[in-house]
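Quick look at what TrEMBL lists:
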DOMAIN    28-379  domain 'CAF1B/HIR1 beta-propeller'
DOMAIN    727-970  domain 'Protein HIRA-like C-terminal'
REGION    851-876  region 'Disordered'
REPEAT    20-47  repeat 'WD'
REPEAT    66-107  repeat 'WD'
REPEAT    127-168  repeat 'WD'
REPEAT    169-204  repeat 'WD'
């Protein structure tokens, strides 16, 4: 071995050479790249270094010097395909460079002594994903991914094709300082100051992979901690290495008792029985030679009949660290056969082998860069690269998962990718304001109905715009009359006539310029099923009304105003109480008063008339021993209800075309002298401010409700009275067990919840009830009250609604959402805080589902005509639209306001990095989608069901869950549990002529599911799953059956094969 250290091979500075932190050799062995504290990445010619003692060698020495980082560069690595170069620095950025074939410019930077670059290396991508210094980088052996680690304890995985961030791994608890890849491309290992090495299993992603596709990739396999129990935390790096045969990992900065060592971790069992001991200080870097060696020259006598060697191969590893010593080990010897001490004045930071396996480069903190060249046979006799491949074959190297099963599978995969790309382009077009998402159909060479773009239309014939053989000028749209009149206005300035200039913003017409809007896709534009497009137009040119008081600053940094002085609160107890709320995870609710922040109860009253509170409602004393007792509304002097449920107009406002029902309870003294002889309550219905009808009730009214079908009022004595829209008594008074505390109506259904928690639902059209009265006790946490360490306040009911099918939907103050199943006679939980903190799909502002609304507007004015009323009616395709998003928004609101999810969030964050919970987030996310699908089925939500079904299919494909995928496909075919031979039928039941029971929900029979044709749903799911090769054995038969693959016509025999 001889050392080569040219004087020019440095990162020079004005006073001294800069510390060099990293080096690497290109896969072709012609370039050496180094990184140092001068924020430069320098690329050197390996040939010039090896021939530095030849005075006749005149080729360039430094090929390029790149300065794109703003701080010290800690690591540089070439990709395995020799296409990219990556660097990481303390500016938290990872830069990726590629070699431009065009010649580099010879322009010199003013004041710089840098030689002109020979190669033109340019920045290809800047990757931002770390919160602290980037310490090390690693490319997979097929260059499909790049992994960066840093002092922020994160392991970030980037795509090696698009350089999109695929996943962030946060399993480490301290600085991560090393990364190495398995040559078989199955694992990568990271070393951290938390005294552990974590090994992650991965599958090479496809070139077009996204972060959504890789949620179940890069999973933690195991953690190795034993060799690092007392390892020092003073090392700058923990650069480990994987052997070329894939059998071992060499881990730096290990200890064996009090002695520093290098731990050899065995693959598979991940134990570390072997330690390389000899260094006096901690080892910071260890690198295996990329070649395998034989102890003897390979001869025909040492090979068997098949040409395989009969002698074992060995691997070579080089180690260095803080003791400034280089040691080279061979697996056939127990001691290092090369030990070179005091190579440099400061610790060695990095090592890099040339691909021939016999030249080693090293860098140190004293600024030195040197090469150690071993003579042939000194390390052994290098084996061919085919021997490496043979050794890796047993670990599955080179085998691709998900091989295409045939031409049909490949055609289905292409169709799935094309459909996904089309959806992405459609979403981008909508966000950019492009109305033409789909090409206009071409007929006989002419495009019919040419699209208008920014107000310009053209006719295209035979592929080019023509008119009588000549190109026609663009036709401008006719201007608005108001614009023409404004342009003709003349003003006199200094005695001269001048046309008054006209601003575009002051014109009455619509500008022909592109509008700054988020535009919703329409059916003619090919909007995707399920409502993936935005459902409303947000005009960005106008101020946004949704910001809190104080504007954007208040939203971002909060309201920093001081609390106002409260009379009688000299000790400022209110301010202290509100100031401690954020520490418990809840948000204080305050108002912005004139003198400062004030509690809500001290705010100004609204200007409209507020009904006077007469007294509390009279409650039966027996209710005090009831298992459930809900708060009864106070008795008010005036109770008002509009027919559409909107806010009644303010006092003094002009009478609008609104129908209202008003109840005026008695306020004066008794006319007979007895307290129980009160005046009757006057019920009046008005429209346009004029009375339509009146009625009187003997008892005081607590609640009112109504729609275009009926009006209802509940009284203090627990009775419920119902009228027709014209004021005719609909039926006798309904008597309940206690006062109604909540009333709601939808269509012909009326809901009443009493003070003892009993829910009554009546269908007034059929004069029946879908189920017996049911108690809300199960959803009030009565069963959970005794499980806490102390008594706490139970949850309350925030709202109670009915859907168009008469199902009760209740939102609770603890964030839970429930519905009552009239078929199963039980409550079902549809939403809870668990999904909010653990699922990746929790997004209450998702435009694809958050804006699904019934076809009839809730704010429309009902106009009964010929006995036909449209208010509160829902079209069958939009039954219960928006209920699931409504419940999930309530969950988010209640959890954030009350701080109920604070400790639950802490628990989930700890579970994500705990042993045994590697698939926790993925499994909970799939379960959340299944919960949404079941809720849509129970509520009859057609649009939501299709949206959630497509999301569920995408996730099943990304996770590769074959069992669930097969069951989903069979469900959409209507044959989930039916065997090919049919179900077994009991002989006795068959003799009695019993019919087979019809399934519901997931087991429903028939050609439709919630109004969607099974064939259409199945086709959408098959196309979504078509790009996943590991599922093509399931999806291809369905694609043939449905005719998705054009060349394969559907046949009746295919049903049997499915």
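Counting starts with 1 at the first residue shown.
Backbone N, Cα and C define each Cβ position, glycine as well.
Those TrEMBL annotations? Automatic predictions, nothing curated.
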- Message: Treating G and I as helix alongside H, and B as strand alongside E, what does DSSP give for the repeat 'WD' (20-47) in helix, strand and coil?
- Response: 2 helix, 17 strand, 9 coil
- Message: Looking only at the repeat 'WD' (66-107), how are its residues distributed among DSSP helix, strand and coil?
- Response: 0 helix, 21 strand, 21 coil
- DSSP composition of the repeat 'WD' (169-204), residue counts helix/strand/coil, works out to 0 helix, 19 strand, 17 coil
- Tell me, what is the mean pLDDT of the repeat 'WD' (169-204)? 92
- DSSP says what for the repeat 'WD' (127-168): how many helix, strand, coil residues? 0 helix, 23 strand, 19 coil
